[in-house]
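Visitor: First the structure, then my questions, so here it is.
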Amino acid sequence: MNISYNWLQEFCEIPYTAQELGEKLTSVGIAVEKVTYIGNYEKVVVGEVLEVENLPGTELFKTKVSTGKEIFEVVTGAKNVFAGFKYPFALPGAKLPNGITIEERRIRGVVSQGMLLSAEELGLLERKGAEPGLMLLPPEAPVGEKIEKVLELDDYLLELDLTPNRGDCLSVLGVAREVAALTGHRLKLAEPELPLDNGSCPVSIEIQNPELCGRYMGIVIKNVKVGPSPLWLEQRLRKAGIRPINNIVDVTNYILLEYGQPLHAFDLDKLASPEIIVRNARAGEKITTLDGVERELTSEMLVIADREKPIAVAGIMGGQNTEVDDDTKTVFIEAAWFNPVSVRKTARKLGLRTDASQRFEKNVDIEGIKRALIKAALMICELAGGTIQGRYGDVYPKKFTPKVIAVSLSRAEEFLGISLDAKRVVEILESLGFRVTIGEKKIFVEVPSYRPDVSLEADIYEEIARYLGYNNFPDTMPIGITTTGFSPEYNFEYKVKNLLTALGMQEIITYSFINPDSYNKLGLSVDEVLTKSVVLLNPLSIEQSVMRTTLLPGLLDIAKRNENRQQENLLLFEMGNVFEKNGEDLPKETKLIGGIALGYRYGDWYNKPRKYDFYYVKGILESLFTSLGINNFSFSAAKDLPFLHPGKAARVYLENTEIGYLGELHPLVQKKYEFKNTPLVFELNYDLLKTLIPAEKKYTPLSPYPEVKRDIALLVEREIPAATFIEVIKGLAINTLKNIEIFDVYEGEKLGPNKKSIAISLTFSSTEKTLSEEEINNFMAQVLKALEAKTGAKLRTF
């Protein structure tokens, strides 16, 4: 927001330059990003046109322009150039804000000695709806005077970068309060009063939802004449970046800037009845707002309505059906307090943020509404020639009660780490508008209505610290702080990430918001997935409009982006949350670990680089589980995952609980992403993984006795997974069986149709004795018997 230095001086005497003021405000937490002088106009003055004549054969005009000292001959194409009128005039050598330097030049045989200017050429906003042409200056403008003096541009703008809690400083008055506290000078704030009359407000006001509208005031002004505002008012708006419209609307915008109170003007004759109803919109109700857009409302939104229809979206924008135009004769001026949360939600749902909604969202001064409304009414009467009809209407269901905070100075000293002078503390708080009552052990601070951000004792400490000056606080080292260890959850997460990094993977972090088209690329039903997905109401873009239910889209996008940049060999992982709808409650969050392998793994002096494959990624997961102390893991073929190759995919189990999958990306998905090499991916449920980690590791001493290995070759049906044989053998619970390893699988014609040979190595060992041949043979017999009974396996003898 831009604040005029000159305008601030109307509220408070300022002993600082604009630059110094910016630094002072920043030091007390009102950040001033930059201070800009806006009167940089050289050789641009008020010019009076003395004569106008047409240039033969053209649509141009030859004029004589006086600067009081000299007369210049100027050619212009503007249609609104008339003798006796005054306009901004650029002398030869003048440099305009758009970078153009004005020089004498010949136009159609006439030497033009300068240029008459429009508002746009001066870098100013044109009045809305104004005919294009020269900027007309008031008759009283002194001929030859510098244009920055006449247009009040001999001024500085302070560009503020406010924190969200300081909505009170979104106005000249709010900043002036801070300036008064800084300087110690009195704040000049008059309370305008209406002339006495005996009538009441001719418009009835009804608030149906006091929670969303805490106060509503209005006043009727009749016999107004809508037209352009005086130059000084237009210039105040222009300096703040607001385009002038007409004297009625300009006054409401002026009050918005000066007091921070949004107002709205209705054409009273366009209302169906002389009544204002503040109510919730009805489901499906529509309104065309002033920007010409028809908007559908919901029952959560607050509207201003007459007897028949909505006429404004409360706190955001008025409707076209009651817009003030050139034919308006009677206006109703609204000033109100609307619930900040309600305004914010409505603005977000409608995708409509305005200067008014910005202020309502940050809470306006409910006690300052009357001051703003009365001043606006008096200004309209002065500038538009109207008269106030009756009194103002004021519906105020629950009067404001100031919050009183008990403040202990000893606790404040402990909090701030410095000694405080009670008298100075009271001075600071009173200069900021707080009322202070001194008690025996505490002071009691009454918070003004325009500071809703102050609600706790700690907030008062902050106010004190701001004006004591943070630079005056001594540097001290922390005392008595002991370090604490990391939580078990953090330690486990750190361990998993370290293990994956040790296995050659690199961690990435991607956005939680994805493009819904990502599901289509993965071969999933978009409609089906979206029923479970959290869809954003107001996304930054369609590419980030849905919260992810899987980590795959982010992993694949990053891998493809790197491949496009010739980084084709990747081994990446991500640990992050995915989100799923959970009825009316907050979304369900689950933490997953996802990974992707692409291209070739690095070779060495005796091995050439080899492509990442299914077994390499499977080996990463096996190593991870083993390092975490998990031995009871298994894999089973998965043919029903649409984004994975049906013959090169598996589900991952820990203790018979499915926790994820791995596999090669489906060829169709690979084609959609246009990968050159085939990606391998995996995804594990991290939250489940945490619960399946053994509570503690038990020490098992090494056996001093020799191990015995036996190999068997089995003839089995081709479709039986290799893991089945391991599960059957483990199910025998032979306590001396230490290791089971499948070391060969063979298929050939001599085995017979749909048959394969699988070779298994078994390792036996005891910590108590050397196992005898008879014991080993007995164990092997148990194994063969169980395998034959449960899988139909036969001992292969050929």
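Cβ from N, Cα, C; glycine included.
In case it helps, Swiss-Prot gives these features for our protein:
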BINDING   Asp453, Asp459, Glu462, Glu463  Mg(2+) binding site
DOMAIN    38-148  domain 'tRNA-binding'
DOMAIN    400-475  domain 'B5'
DOMAIN    703-796  domain 'FDX-ACB'
Visitor: Applying the rule Cβ within 8 Å of the centroid of the Cβ atoms of Asp453, Asp459, Glu462, Glu463, what extra residues of the same chain belong around the Mg(2+) site?
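Guide: Here the nearby residues are Arg451, Val454, Leu456, Ala458, Ile460, Tyr461.
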Visitor: Counting all other Cβ atoms within 10 Å across every protein chain shown, which of the binding-site residues Asp459, Glu462, Glu463 scores highest?
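Guide: Sorting the candidates by Cβ neighbours within 10 Å, the top entry is Glu463.
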Visitor: Over the domain 'FDX-ACB' (703-796), what is the model's average pLDDT?
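Guide: Result for the domain 'FDX-ACB' (703-796): average pLDDT 89.
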Visitor: Taking the Cβ of Asp453 (Mg(2+) binding site) as reference, which residues of that chain separated by at least 6 in sequence fall under 8 Å from it?
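Guide: Once residues fewer than 6 apart are set aside, Asp453 (Mg(2+) binding site) is near Asn165, Arg166, Gly167, Asp168, Asp459.
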Visitor: For Asp453 (Mg(2+) binding site), what is the secondary structure by DSSP, using just helix, strand and coil?
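Guide: The three-state answer is coil.
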Visitor: When the domain 'FDX-ACB' (703-796) is classified with DSSP, how many of its residues are helical, how many are strand and how many are coil?
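Guide: Helix, strand and coil residues of the domain 'FDX-ACB' (703-796) number 31 helix, 32 strand, 31 coil.
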Visitor: In the domain 'B5' (400-475), how many residues does DSSP put in helix, strand and coil?
Guide: 33 helix, 12 strand, 31 coil
